[in-house]
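Here's the structure we're looking at; comments come further down.
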Amino acid sequence: MTKAGSKGGNLRDKLDGNELDLSLSDLNEVPVKELAALPKATILDLSCNKLTTLPSDFCGLTHLVKLDLSKNKLQQLPADFGRLVNLQHLDLLNNKLVTLPVSFAQLKNLKWLDLKDNPLDPVLAKVAGDCLDEKQCKQCANKVLQHMKAVQADQERERQRRLEVEREAEKKREAKQRAKEAQERELRKREKAEEKERRRKEYDALKAAKREQEKKPKKEANQAPKSKSGSRPRKPPPRKHTRSWAVLKLLLLLLLFGVAGGLVACRVTELQQQPLCTSVNTIYDNAVQGLRRHEILQWVLQTDSQQ
């Protein structure tokens, strides 16, 4: 790859006043660093070389006023070509350019432009015109600048439109996200309320069960004294025992009446001399003496007296 330094020595040797001629130098690339070191070189001739592209840092040579890039093989200019704001004269004759960068509209000082012999886009070619003389090249510069400004404005509007679309899409996404978050909050709130209600019911059920447990001992305690005090005599066996004793007492009473009647007959009537009454009187006397000492009779008499 050929550079100016290897073909023609130091670039300063080629500097003539403010003009640096690097034409016909068989250059494949531009020595940007060396050119940046020569800010006095406001006129730069790079025509008739083998340049296919310009490096992006070439746009930092803002001191350039006149630039000749004719008869190279340039297919496009750097996107930041508009940074060369001091450029007044630009020759792009006989290259392979189809379009110009939008930043070209920033070359507000451009007065002269030649775009002949490039495979330009039809619209751009019509705007540029033929550029056959000085006047037409000046008109070319003016018309191309106006055209590129219009292209820039269109692109800016399109950019703004896309930004607006993106903003609207972002708003929709944010609104959707907010709605989703609100829905999730509402769901969590509902679940929390349901959980709270469930815990409340469990708590109420637990309290009710506890109250029931507390009532049972009280009920049993209330029932126990009544049973002991006899206010509610609900003892079937005692009733059966009482009825049995009543029958027994009745039989004993009848027996006593019968015996008493017989005893009376044997003791106070004329029958007491009869052998049977004599035996009865003897048995009676013995029975009375024994019964007086017997505990059963005392218990019967005591029970009878209590009732």
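Cβ from N, Cα, C; glycine included.
Residues or ranges marked as coiled coil by Swiss-Prot on the basis of sequence analysis: 148-216. Sequence annotations record features per position, and here Swiss-Prot assigns compositional bias 'Basic and acidic residues' to 154-221. Per Swiss-Prot, the feature compositional bias 'Basic residues' maps to 229-241. The N-acetylthreonine annotation in Swiss-Prot covers T2 and is backed by experimental evidence. Per Swiss-Prot, N6-acetyllysine is recorded for K135, and the stated evidence type is similarity to another entry. The feature repeat 'LRR 1' is assigned by Swiss-Prot to 10-31. According to Swiss-Prot, the feature repeat 'LRR 2' maps to 40-62. What Swiss-Prot lists as repeat 'LRR 3' is 63-84. Marked as repeat 'LRR 4' by Swiss-Prot: 86-107. Marked as repeat 'LRR 5' by Swiss-Prot: 109-128. Summarising the annotation, Swiss-Prot assigns topological domain 'Lumenal' to 266-307 and lists sequence analysis as the type of evidence. What Swiss-Prot records for 245-265 is transmembrane segment, and it gives sequence analysis as the kind of evidence.
Sequence-distant contacts of the repeat 'LRR 5' (109-128) (same chain, six or more residues past either end, CB-CB distance under 8 Å): 70, 85-100, 134, 137-138, 140-141, 143-145, 147.
Summarising the environment of K135 (N6-acetyllysine), the number of other Cβ atoms within 10 Å of its Cβ, over all protein chains shown, is 9. Sorting the compositional bias 'Basic and acidic residues' (154-221) by DSSP state (H, G, I as helix; E, B as strand; all else coil) yields 68 helix, 0 strand, 0 coil. Secondary structure by DSSP for the repeat 'LRR 1' (10-31): 4 helix, 5 strand, 13 coil. DSSP classifies K135 (N6-acetyllysine) as helix under the three-state reduction.
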